[in-house]
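Here the structure comes first, spelled out in structure tokens, and everything after it is commentary.
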Amino acid sequence: LSNRISDSHCVKNQQGDDSKTCATTDFACKNGQCVPARWRCDGEPECADGSDEADAICSRQTCPPEKFDCGGAASKYAKACPSKDFQCRNGKCVAPIFVCDGDDDCGDASDEEKCSAPTCGQHEFRCNDSECIPALWSCDGDPDCKDKSDESMERCSRRTEPQKPRCPVGEFQCGSGECVHMNWKCDGDADCKDKSDEANCPLLTCRPDEFQCGDGSCIHGTKQCNKVHDCPDYSDEAGCVNVTKCDGPRKFRCKNGECIDSSKVCDNVKDCKDWSDEPVKECGLNECADNNGGCSHICRDQRIGYECDCPSGYKLLDKKTCGDIDECENPDACSQICINYKGDYKCECYEGYEMDPASKTCKAVGLSPYLMFTNRHEIRRIDLLKSEYAQVVPTLKNAVALDVDVSTNKMFWCDLYHRKIYSAYINKASDSSQQVTLIDSLHSPEGLAVDWVHKNIYWTDSGNKSISVATGDGRKRKVLIATELSEPRAIAVDPHQGFMYWSDWGDQAKIEKSGLNGVDRQVLVSEHIEWPNGITLDLSNRRLYWVDSKLHLLSSVDLNGDNRKVLLSSHHHLAHPFALTVFEDRVYWTDLEEEAIYSANRLTGHDVAKVAEHLNNPLDLVVFHEQRQPKAPDTCNMGSLPNGGCEYLCLKAPQITDHSPKYTCACPDGMELGPDMRRCAIAAPSTTTTPTTTATTITTAVTSTTAPPTTTTTRPTTTSAATTVRPTTRRLTTPASPQTPRRTSTEQPRTPAATSTETTSLSSTIPILATVVIGLLCTGGYLVWRNWRRKNTKSMNFDNPVYRKTTEDDDDEIHIGRHSESIGHVYPAVSGSHSQPFIALPLGGGITDSNSHWYSGAPMLSGSK
């Protein structure tokens, strides 16, 4: 940001006089001022004389080939849709597949006019509302028709009645099948899709002196509009108006607090009860006539007194002196870059963006951006500039999470019904044969993020309560975090700085971050957060945005968790938000209850608009554009060693300081890094299994052990299959395991399972043999010692007639023994104390009986052993 207006842009001319010539990168104003050349004809005059925006200069410019000439009003024409698309009455373009499909895709219902009754195909089921779904989806336990007629009792009978999931302890099961926190029941805010959590609840009322928040809670009435957010949903500060009576130039405040019109001041009528509106010495006196009233710039005389003022771009420093306003101190002054100079400021854009001359906001350079979103059964896209609406992937079962890799034109999505992660090239995704299964045997994959630099994918699994990573082809995978997770949901990554961020809406809802390799875990947001359903990153401006479905909030913080800001609080526009994304100056989000996609200004939360509606369960969404995924070097493949020299996974390390490592190696679950921190070895067994901390990414993510790693190292092999390889080593957490390393050499091939068995057998046999040998030596030594002991012990035997048995006389005897070598040091004191109570313990010359009981000289009955 060194392009400020200053004399540094000027050099002396060749004649050597004092006149100034602007640098070649500057524009010379007619008054001699120099401004950056890129500011010429940008719609804002930077020259004091306005010569940088003169018509004579700007009207002659021609647009380069990659730009469009807006022209004048005469050149405007109605926009036409591509020949393959249907043009709505409102000008929107939709794909033919959306015409007469029962949904209002145009927004004005023109795509559903003049439609005949739909007919379903041979392999389709017709719902009662005429919707068509694949026949295989009928009676599968999961309602797919909007009216749920595919799972009706009449059609499917009781044996195929949909089985609702059983919620864990502490959660309430909705009538529609979802699980929500028990303390959300009867709180005045519907959280279930069918609102069953608010059914049959007592009426929530507040006292007459209380204010009822939007979530049903009550606060004292004096806390409304006090500029402090006392309600959890901020509703106590919504719609507040400044009601101070004496603000503004038309009001005058008397010294006793009364308020009168300023026109009544100095009119020879005493309107204030304390007569302060008619001071004799001040009425009729013009203080500005004397030295401008002491004001540095503008002096405004008033009926009583005067005030100093400043021109635009300046502010009062001491009520008299004006100083420059640094408009750039306001983070919302510009959408991206703010340059302050004396009396004004200038907005600029990052590389890859250009200033829109009309809106003065930064617009991304490149291809037309479009939104991609899931709605369970499909993945669709909406062109944000042309309003074109198309289907990308049809006939899905329950697609939830979604992300893309712009550079390779690939898309990735999670299907909750099949419990798998899929990928496909976007232009081929409609063909099911081109859809590749990357990861299978998952539980509840609800969040997905693509590291577009290092070509890895990250996902959350609320069923396994874990966060995992895998290569983009799904062949190598690892559980990164499996502790202190309750309900992990959304996930986002920053490959430039090496961090990932995720939300967790468990009992202790929070938003966390850690390195892409799982280290340096920390909590960013943990207060005033209930149901953080979706998160997204604005990498250009270094901020994280999230939506809270319980508090109905759209908020943001910086990437360190500071500078928190609530952009929007609305039960209508944020009824049940699920996911969000940011692009340029807009933030977009899906809403399940409203079945729509909304957008708003990402800086202020204002200008809320509905992008699309009637979407039937819109879930995840992303923006497809190259500026959403800025390029960066792949640190794992910058050197001469491929994959950073790592045998298995190479993961970007968080860039905490300048000395942070660029990456770290990681091994599959059940294995750990060897001494070189690159090759993997099978983890040594441990008798105790404890979860590892979140900072452990270069060792096994499940078992911690103090035993040294085995010397058996392995090498990963490559396969041509794109699907996940079945586990070949024991897993401790997830049901499916990625391909594990195995030997590749000239020796006889051996499977990893065999290697694991042999290594485990060898490591377990050695301790057993050592234990047996030591045990035998101890037993032999004890027998020799006891034999010697008996020979050197004198004893007297007395029969005990009370406990006498008929067969074993030796057990009925009371033994009083004394060793010949410890006379006088055998018997302890008979009495005891609190500090040293009497306990029969072996002292220096204590002996044992034949049953190895220690005697210290005190009599002991044999029957009480």
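Backbone N, Cα and C define each Cβ position, glycine as well.
Here the candidates are CYS206, CYS213, CYS225, and TrEMBL names CYS206 as the disulfide partner of CYS218. Per TrEMBL, CYS213 makes its disulfide bond with CYS231 among CYS186, CYS192, CYS231. Partner cysteine of CYS93, as given in TrEMBL, is CYS81 (from among CYS81, CYS88, CYS100, disulfide bond). TrEMBL records a disulfide bond between CYS254 and CYS272, which is the match among CYS225, CYS272, CYS283.
Between the disulfide-bonded residues CYS22, CYS100, CYS106, CYS186, CYS201, CYS106 has the most other Cβ atoms inside 10 Å of its own Cβ, all protein chains included. For the pair CYS22 (disulfide bond) and CYS29 (disulfide bond), the C-alpha distance works out to 9 angstrom.
Here the domain 'EGF-like' (347-362) has, by DSSP, the following mix of helix, strand and coil residues: 0 helix, 6 strand, 10 coil. The disulfide-bonded residues in question are CYS29, CYS34, CYS206, CYS231, and the one with the fewest Cβ neighbours inside 10 Å is CYS206. Residues belonging to the domain 'EGF-like' (308-322) score a mean pLDDT of 86 in the model. If you draw a 10 Å sphere around the CB of CYS132 (disulfide bond), it holds 16 other CB atoms from the protein chains shown. Helix, strand and coil residue tallies for the repeat 'LDL-receptor class B' (542-586), in that order: 0 helix, 25 strand, 20 coil [DSSP].
Of the candidate disulfide-bonded residues, CYS100, CYS106, CYS132, CYS145, the one lying closest to CYS225 (disulfide bond) when CA atoms are compared is CYS106.
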